[in-house]
Amino acid sequence: VGFKAGVKEYKLTYHTPEYETKDTDILAAFRVTPQPGVPPEEAGAAVAAESSTGTWTTVWTDGLTSLDRYKGRCYHIEPVPGEESQFIAYVAYPLDLFEEGSVTNMFTSIVGXVFGFKALRALRLEDLRIPPAYVKTFQGPPHGIQVERDKLNKYGRPLLGCTIKPKLGLSAKNYGRAVYECLRGGLDFTKDDENVNSQPFMRWRDRFLFCAEAIYKAQAETGEIKGHYLNATAGTCEEMIKRAVFARELGVPIVMHDYLTGGFTANTSLAHYCRDNGLLLHIHRAMHAVIDRQKNHGMHFRVLAKALRMSGGDHVHSGTVVGKLEGEREITLGFVDLLRDDFIEKDRSRGIFFTQDWVSLPGVLPVASGGIHVWHXPALTEIFGDDSVLQFGGGTLGHXWGNAPGAVANRVALEACVQARNEGXDLAREGNEIIREASKWSPELAAACEIWKEIKFEFEAMDTL
């Protein structure tokens, strides 16, 4: 018969409502906004086609393979309540479409060409179900939550951090001094800002040396293990690894990477290096809002969070719910669980479209950072629980008496909240009272309470269901 050339409707091949999904399929939930006049089945099928085996016309070489084995399938379409022009398209991809252990390849397929597709006005990837068979091809986080606690010898409470500000312009020696003061005051970690790489005012090697000195001095004086997230992000993978090697030679516990601007390939390489060499890896999500902030186009952060757990990182920034950056409580807790837990049930009220089984892949500590201060400590302890890192940048360095007292204030506030919670107090209701009580015997905390008593960042969250 020969083959039938010409353009045919996607839905004839790629819309398969009777398809039973396999345990090995990668499942995706897309929020689709088609152009006027394009029916949902056709738009959903187009998404499945363009992100798997399809192209705009029938090709002779289709006959040389088995499309039934390799094609993505749009297997379910559901309306979005309150949105006439939108719907959720569920697509199943056969596992063989993806290279093992490559987040890069997974994203190139699933969120590649299809996002520029003309028949769609907008497209957003809301969630991905990563099957155990694919999860098992990834190393994942270099160490994970439990191993990190064992390395640091810190249990039963959230960890405390602080981003060193001003983020750009300090010399290496002054930077190291600020690190020392924060760690000495009682923080567990300090952090390079994500923009700090190796600039003319402070080259990376100088910063690494002075920060290592600060860590060792603070450790000796406090008897606690301390760390500073040394940002190894660089212009090339080779340079990034060179910085991680130098950090390891200094004997420090943790390095840092900007995983979206640095890219998944670089991030996965660094995660492998970190596991091989006993370094913890802190991940910053600079650029995430470019991808995840629009409600109807791009990718939800829960997908970027899953991808990070596969690629590898021990900490990742994940919003505060209470500070200056975007984040709805239930939705934030949804992807926080996806980062930390081994098995997460489907729960649409928290934005989780699929049940996810991580089959013992190590967990990632969520980092709450951005516009938070001592008055937030009860809410943060309540929302995030013990397995988290709370980062007070301005909330430490903005203290009227200096960095070390700022650190003391945060540590006292945190310890007071943890103690109150352990004794059965209700942090949500009694939070302010707990902080006030503690400030009676901690002048540092009292001063911090005074500075930030009125600060609130009150806007409606955009990331709603």
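Our numbering is plain: 1 for the first residue shown, then up by one each step along the chain.
Placed from the backbone N, Cα and C atoms, the Cβ positions cover glycine too.
The annotation active site, proton acceptor is assigned in Swiss-Prot to Lys165 (among others). The number of other Cβ atoms within 10 Å of the Cβ belonging to Lys165 (active site, proton acceptor), over all protein chains shown, comes to 15. DSSP assigns Lys165 (active site, proton acceptor) to coil, not to a helix or a strand.
Per Swiss-Prot, active site, proton acceptor is recorded for His284 (among others), and the stated evidence type is sequence analysis. Less than 8 angstroms from the CB of His284 (active site, proton acceptor) sit Glu194, Asn231, Met256, His257, Asp258, Tyr259, Val316, His317, each of them six or more residues away in the same chain.
Among the features that Swiss-Prot reports, substrate binding site is placed at Unk113, Thr163, Lys167, Arg285, His317, Ser369, with the record citing sequence analysis.
Classification of Glu194 (Mg(2+) binding site) by DSSP places it in coil, neither helical nor stranded. Here Swiss-Prot flags Lys191, Asp193, Glu194 as Mg(2+) binding site.
Taken from Swiss-Prot, the feature N6,N6,N6-trimethyllysine covers Lys4. Counted within 10 Å of its Cβ, the other Cβ atoms near Lys4 (N6,N6,N6-trimethyllysine) come to 7, all protein chains included.
Residues or ranges marked as N6-carboxylysine by Swiss-Prot: Lys191. A C-beta separation below 8 Å, combined with a sequence spacing of at least six in one chain, links Lys191 (Mg(2+) binding site) to Gly161, Cys162, Thr163, Ile164, His228, Tyr229, Met256, His282, Gln391, Gly393.
The feature site 'Transition state stabilizer' is assigned by Swiss-Prot to Lys324.
Cα-Cα distance from Lys165 (active site, proton acceptor) to Asp193 (Mg(2+) binding site): 8 Å (rounded to the nearest whole number). Among the recorded positions Lys4, Unk113, Lys167, Arg285, Ser369, the ones whose Cα sits within 10 Å of the Cα of Asp193 (Mg(2+) binding site) are Lys167, in sequence order. All protein chains included, His317 (substrate binding site) registers 26 other Cβ atoms within 10 Å of its own Cβ. Within the same chain, the residues at least 6 positions away from Unk113 (substrate binding site) whose Cβ sits under 8 Å from its Cβ are Glu50, Ser51, listed in sequence order. Classification of His317 (substrate binding site) by DSSP places it within a strand.
According to its DSSP assignment, Lys4 (N6,N6,N6-trimethyllysine) is coil.
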